[in-house]
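S.K.: Residues annotated as active site in TrEMBL: Arg57, Asn75. According to TrEMBL, the domain 'Acylphosphatase-like' annotation covers 42-132. TrEMBL lists 35-56 with the feature transmembrane segment.
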Amino acid sequence: MVFSYKSDLVLKANIVIIIVLLKTSQVLGKKNFSISMASIFSCNFEVFGVVQGVFFRKYTEKQANELGVRGWCKNTAKGTVIGELEAPLGPLNEMMDWLRNKGSPESKIDRAEFSPLQEIASYNFNNFRIIR
């Protein structure tokens, strides 16, 4: 079997992470410790600032699809963008950070608010889409 240098390093790094997690759980006395890489979380969001007329929803959809985040977004009558996100914790946190700090190139984000994260049993959405 032939591995590229990069994929071999990634595989080794993942194995090291799993071993460290398992050893940590043993030290802490957690006998029923399990690694759940498939846990899915959901939250609602609202972004305030200059987020309409600046392709914010289009860039949000693009970023969500790049991260594998599912859900939706739409403009509101009060000039904000609202939506729902579903993803494993890592991609969800990346998306939340993007909504809070980056947005589309022409947007000016004042703040982003998020509901508390809820763990969900399965996805409710097949992809991320813009609702008009």
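The backbone N, Cα and C atoms fix where each Cβ goes, and this holds for glycine too.
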S.K.: Looking only at C-alpha atoms, tell me how far Arg57 (active site) is from Asn75 (active site), rounded to the nearest Å.
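M.R.: So the alpha carbons of Arg57 (active site) and Asn75 (active site) sit roughly 8 Å from each other.
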S.K.: Test of understanding: give the count of other CB atoms lying within 10 angstroms of the CB of Arg57 (active site).
M.R.: 21
S.K.: As a test of the contact definition, list every same-chain residue at least 6 positions from Asn75 (active site) whose Cβ is closer than 8 Å to its Cβ.
M.R.: Gln52, Arg57, Val81
S.K.: For the domain 'Acylphosphatase-like' (42-132), provide the mean pLDDT of the predicted model.
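M.R.: Summarising the domain 'Acylphosphatase-like' (42-132) by its mean pLDDT gives 98.
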